[in-house]
Amino acid sequence: MASKSDSTMDDIYAGHVAALPQLPSRVVKVFLSCLQSDTESERVALLQDVYPDLQEHCLQYGLDFQLFDMHQYGSNSITIDHETTATRILELEDSHRLSQGPFFVSLIGSKYGECILPAVIEEAEYAHIKDCAFEAGRNINLLDEWYLEDVTSTEKKVYRLQPISMKLKHFYDIGVENKELQEKDRLQWKKTHETLLELLQQCSEYAFDEGLINEDEVHKYYMSGLETEVSTAISRSEESAKNCLFVFRNLEDIPQNLNSDHPELPKYIDMKKPKHKFDKKAQDRLKKLKEGRIPSKVPGENILNFSVKWTEKGIDPEFSAHKMYLKDLCMQVSEKLKTLIDRRMASECQDPLRPTIEDSRHMFNEVVEHVRMSSVYCRDFVGRETLLSQVKNSILSNRNDSDRVSHPIVLEGIVGSGKSATLSMLAKTATSWLGENTVAIIRFTCLTLYSKSARDILISICRQICKAYKKKLSDIPEDFDTLKSFFPDLLNKVSNASRPLLIIIDNIENVRKDFDAHNLQWLPANLPTNVFVIVSITHDSQLKVTLEKKILISSNFIQVPPLTEKELQRIINQFLHACNRTLTTEQLKLFVRAVQKNCQPLFAKLLCQETKFVNPSGNGREPITACKEAIHRIFQHLEEKYGSIIVQHTIRYLTAPNHGITEIEILDLLSCNDEVINAIYPNQLPMVLRFPHRVWANIKYDLGLLLCEVHIDNKTLLKWSNEILKQTAKDRYLCTKTNIVICHRDFSELFLQTWVKQKPLNLPNREVEVDDNRKVAPQPLLYGETRYNMRRLSELWYHLIFSGDLKRLKMATFCNFEYLLAKTHATSIYHLISDFDIMFQQTIDSELELISNAIRLSLAALSADPLQLAAELIGRLLPMKDDYPEDLENLVQQAMEWCDLYTRPLLVPLSSWLPNPRESLVTSLSCEGLTWMTVTLDNQNVICATRSNAVTVYHIASKQRIRNYHGHESDITCLQLSHDEKFIATGSTDKTVRMWDLETEKSLLTLTGHMGSVTCLTISHNDHRVMSGSSDCMLNVYRVDTGEKLHTFKEHSKPITSIAINSYDDVLVSTAADTTIKIWNLDDFTLLESIEDFSSSMICMALSDDNTFIVSGCENGKVQLNSLTTGTEIHCLERHKHKVSAITVSHDSTYAIVGTTDNMVHVYNLKSAELLHTFTGHTHPITCLSVTQDDYFVISASFDQTVKVWNLDKQPRNEPNPDNHKDQVLCVAISKDGTYAITGSKDCTLKIWNLEISQIVQSLEEHEKPVTSVDLAEDCTFAVSGSEDATVKVWSVMMGFVVVTFSEHRDKITTVRILSDNQRILSADMKNSIKVWFAESGEVILSCSGPSTFVTTTPSSTFCISGDGDERMKIWQVGDGKSVHTISHLKPITCFTVTKDNKFCITGSEDESLKVWEIETGKITQILAGHDDGVTCVAVADHNRHVISGSLDTTLIIWNMMTGEVDRALNGHTDGVTGVRMTTDGSIAISGSKDGTLRVWSVQRGTLITSFYMHVGVVNLEMSFDASHIIVQLADGGHAPLLCLHNSPATDVKSQSQVDINVNEDPWPVLPIKPKPPLVHKQSVVLPPTGSRKSTVIPPGEAGKANATATTGQTSNKKGALSGTIGTSKDSKGTPKKNKKSGVCIIL
């Protein structure tokens, strides 16, 4: 029978709203309740000492901590402000709803506090009070003026107290400009409040005396704000009361003589006004509260009592007794709150609805969040019966007609028309109109991290379907192309008449465009029976055309109509009630008339929200009809109320985040914004610079319905409730580049923890001493050892991009290994790639491009196992790290260091064989009429000249046009950007040179003086001069500042074609159609030299930055290098085949880039004249070339009207890697001590590796045909190789030459083996000739004939086993060549191995079995049958207990060799297993497969320890005795990859019982990254160190450590020096055992 929790989970996955749980908010939000006047010292102490202490404590759980003090730096008037009181109650309820554990702390002294007006009075009670007032002769006009009947109330009628600002407009203004008006309004309200309160109190007592109302009803007119808050907190539930903490402070020796001067006394005790007598009634109410109500509800341990002596200053922090009191108070409050937090975290582990596996947790949270948002939309839903019926009928008609093909329904409407609410109501009521077993799945695009891309949405929906219909989650593919075909198949499988499936996707056009999602191929056009899909789009969506092509039935497109008059009235009442606004009948009429101008729900919501600021009026206000206008008006009201500076920054911080913002984040940002601090505290700065909670709370509730809560990144976030709100906020407050950069920079600083320890105040006009510590919450990458900071992972990269901080973007995120690993591990590799895609829309960068490409090439491996990231990055980027000595090299270093520090087994590549991730073409953009271009220094923008006589600046990454410059009268022929990037110079066929301001687009100067078209120009490096050449054969030199023409050079006889200036700005070089190069002195304007030995005219020319080369392109296609100093010819670049059209030189003066008329770009090495690369892609001749300042990109422009960006690869792409063979590797061997390895190849060569340094030490090339077999001597002094050339060669390993060539064979060599004495060699050939001979001399000892395709010997070299690949093998004696036994299978034998003790031979066969043979007798001791296909490989441990075999059936089986039984079956490979090896101790097995993976297995547990994707099918593998080094033979290419098993648990293992790999399912799994020491605030002077306290619950990090068997130990290495720590595991007795470290950093 299913448990209640299982049933609840089923309901949730079925989309049933009623079963919705509350997602944990990951925040401890503690509301601080107290009076302002008598608790100032306590509140300051709590903020300074308890707040940071609890921040640090909560950090280990991944919790934010907030101490919400609404009195913080507030004015006294808020005690009689009912709106602020209402806001405080809302914040209290918010704390109760969100807080994990404690939510309420109350500081109660000796003062009860002022009474407040009740916000709501029931109709009958209000009538009784009015009657009594009338009978008593009291004026009730004020009562009728402030208390209005709430006509929007759908329940019993009430009278609601009106907002103060409705009548006193400036009451809440906090800006200095309205200070006098504010004071006037506050004084007026004080009088009004006193009159109203006295009237209500007196008349309520009259009514009580007459028996009209009861005592509780009278009491509410005498309740202070403090009691109201306490009552709200403790009356929630019994459990709520347990999470409240009360501090009672008793003041001793209070003066009783009130005539004496005690100015501080009224702050601490209730006194009657104006006589200044003790208010005994208030004291009685306080006593009942402290001694009666609170103790009756709250556990005694949650009440702290303090007695404090009175002083003339009240509570004086400088007084020693009071100082000790504050210290004790902080300590006890901190300890108690920690206890309550720990208790809540312990109970979280016991939550029956808490999924234990991370993937399940993501899926569960995803489903709950979308269903929760659906329920929120349903609350705002009214009417629309016609629309609902139309959608239902369309679906039900398809359902009832079995012959009719069902198609998706498309709901379309304008923004704010209520599409989301309509879809939500359809989902909520699905069980009523589709059947009670209906599964309703709803997704709101972009609501969560997993609803932004089509791939994530499909996977999320598929997972929910599988959970709801009890299908396997493991069947869901990760790849999007496979997913697109899997999704309709899954729908077919679950189509069931008894359980319909309804899938709803809202705002489908918001799905990201990656994966070509907007072609909608992922959305099925035809649906199976009983499966229904509804999607929504806006009425002007570009996807409508695509949908119409998929869904040919027009009736499936349903329009959302405007609200009817009746629906409009209902929704207005609903929104007004939500805003706590009451309007008079006349106001309501005016309001409805205004809303009728746009009968859409969003417009009604916006106007209702505006009533919080102003009353509806028919006069003096311009009517509005659009949502954006209404939004702007609300923003304007906010600015008038709180000041423009505060509102601007608050709205920016709400708008800028990627996903949303937590309350603690926005408070931290506002607190660290000096402009905001200056505005909020215009007179006196507080001790701690924090933004006031009360101001933030008021702004939040004034925005009200415009904001919504979402659960993303394991946090509760605030975001705009509609996309149009966000866009309008952007248009108003983030409309300039400066504002965008500053806002995102602030977020960057927050998530980089820049402000945690201090944020100095930078207000030049206010030089005051304040505490630099603003109590900013830390934002580490990890919360302890078990939780990632998802907020940092989701937001940091985003804000660094838009702040334009490329350096820190690379350092902190995309070139930071720990960040990349955390992002991949916490989300998925697809999310990381998506982040890269977004980033590449904003910037281009060569290192980021390489890293992104490397990760994309590793997609299959990393989607299966994120912990392969280090290995993949090392394998792909290590060969090119020297070309990128900054961030990319650091990334590779970090990856290696992570490997060294990682404490569990891990396969790490030690050689490179993976494809180069560098792609030639980076990006391309179109520019109509393109003729010329140059690039800005930051590589991000390209400046293009066009045939429309204009200059256009494009942002390369986004391909967006940024600026335009107009002014030339005809074609622009050339342009250049000044070196300080302040102006652009352009030349034109209109015979002028123009200069433009880069930022303002204004024309600065027009330079004249040419008689013909300007053909070329250049700017001096100091930006003082502009030089131009013309078709009039003249060169002009101008001053930049004045435009004055300094000189004209006239020595050329034909048009000038190009000019260039040296780096010292004193030499100008020009080329012309007169076939000469002329070199000019710019100091005295003389001709230095004329080079005239050219056979054709020059088309283009460039100078090298080192002032060495003149590189000129001639009309005949030749590119010639001349010395700038002497003019002499050096050499020519001639590997291209067509005419040259453009030339440039890299800034390091090493490479020449040549564009040609055959549409190609060629890269030459200037000094060697070697052609390195040729870029193809343009379709027309190249017109212009440029190299970026860092020499990483080549940018080309072409007549095909495109600009292309190319990677400038510094090495020839076809240059062979010296570590690789040129053809396929045919054989590999490894020495017995694991120090050397050897490979033989089809290219006739051998390579010898020194495994201790991971380098090839010898490349041997004496064979004439492919090498077929290799072996290494036990002492590694020599190696032996056999070849198809029928020779066997003995090599000196140290010297690398042939010692002996053995030529006695007459056919291809199949096998060579060095026998156990290290002196003899056994070799075999294809003609069944087997020979034994001395390695030193080649003298034959034994020659015999027998099967020789596969040959091996026993370890003692006593016996040899050989076969020809058929059903039989022979066992014969090595000494005399005598055949002693024949062993056989039913089908060909495919593999065999021999035990170390020389006793047994194990054979595997195509007959799906293995046999264990006794070598001396030839008898079978075991038959091992269990595979479903042919056996391909076999290995045995030294202790003979276990045999492991691999098969074409993709499995491996661990056998008990003694009993023949299956111990373990190992599943994981997806193709046939081709090789397997075991460590000598039998603890570890490593297998290779055609699927391109290596897998490391624990033999004892039968579990996968780690794996590695080779990306090429594995043919065979060899490894050292302890698996510390593995060399792999691949199916393709000349690679023999070398890997190490980092932290191999096989080292020094004496028995199998010592091996203990941690494979337990840990509810708090330890993450693969070690957390850094947290950045914390300065240790409190009040609180003791946190280490002295013992927690009542094991923190998650400790829980993970308790279960992990691999921990951090001492630093070591096989040779003594390793950068990292030793991993340890424990045997069954608990004895630590060191795992082997490979020292990746040292080796690589």
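Using N, Cα and C of the backbone, Cβ positions are placed for all residues, glycine too.
What you see is a predicted model, and the numbers here were worked out from it, not measured in a lab.
The domain 'NWD1/2-like winged helix-turn-helix' annotation in TrEMBL covers 627-740.
With a cut-off of 8 Å between Cβ atoms, the residues of this chain six or more beyond the repeat 'WD' (965-1006) that come close are 931-934, 936-937, 943, 945-947, 949-953, 1012-1019, 1021-1023, 1026, 1028, 1030, 1038, 1040, 1043. The repeat 'WD' annotation in TrEMBL covers 965-1006 (among others).
Positions annotated as repeat 'WD' by TrEMBL: 1007-1048 (among others). Confidence in the repeat 'WD' (1007-1048), given as mean pLDDT, stands at 95.
Within its own chain, the repeat 'WD' (1049-1090) is flanked in space by residues 1012, 1015-1022, 1024-1025, 1027-1037, 1096-1103, 1105-1107, 1110, 1112, 1122, 1124, 1127, which lie at least six positions past its ends and keep a Cβ under 8 Å from the stretch. If you look up TrEMBL, you'll see 1049-1090 (among others) marked as repeat 'WD'.
Marked as repeat 'WD' by TrEMBL: 1133-1174 (among others).
Note on the repeat 'WD' (1175-1209): residues 844, 846-847, 849, 918-935, 937-939, 942, 944, 954, 956, 1141-1148, 1151, 1153-1163 of its chain, located 6 or more positions outside it, place their CB under 8 angstroms from a CB of the stretch. Annotation source TrEMBL lists repeat 'WD' at 1175-1209 (among others).
What TrEMBL lists as repeat 'WD' is 1218-1259 (among others). Per DSSP, the secondary structure of the repeat 'WD' (1218-1259) breaks down as 0 helix, 22 strand, 20 coil.
What TrEMBL records for 1260-1293 (among others) is repeat 'WD'. For the repeat 'WD' (1260-1293), the residues of the chain that approach it from at least six positions outside its boundaries are 1223, 1226-1233, 1235-1248, 1299-1303, 1305-1314, 1316, 1318, 1321, 1323, 1325, 1335, 1338, judged by C-beta separation under 8 angstroms.
Residue counts for the repeat 'WD' (1302-1343) under DSSP, split into helix (H, G, I), strand (E, B) and coil, are 0 helix, 23 strand, 19 coil. Feature annotation from TrEMBL assigns repeat 'WD' to 1302-1343 (among others).
Secondary structure counts, DSSP: the repeat 'WD' (1382-1423) has 0 helix, 25 strand, 17 coil. Sequence annotations record features per position, and here TrEMBL assigns repeat 'WD' to 1382-1423 (among others).
Through the fold, the repeat 'WD' (1424-1465) approaches residues 1387, 1390-1393, 1395-1397, 1399-1400, 1402-1412, 1471-1482, 1485, 1487, 1489, 1491, 1497, 1499, 1501-1502, 1552 of its own chain, all at least 6 residues removed from its boundaries and within a Cβ separation under 8 Å. TrEMBL lists 1424-1465 (among others) with the feature repeat 'WD'.
Sequence annotations record features per position, and here TrEMBL assigns repeat 'WD' to 1466-1507 (among others).
Taken from TrEMBL, the feature region 'Disordered' applies to 1579-1638.
Annotated compositional bias 'Polar residues' per TrEMBL: 1604-1614, in sequence order.
Residues of the domain 'NWD1/2-like winged helix-turn-helix' (627-740) grouped by DSSP class, helix first, strand second and coil last, total 73 helix, 14 strand, 27 coil.
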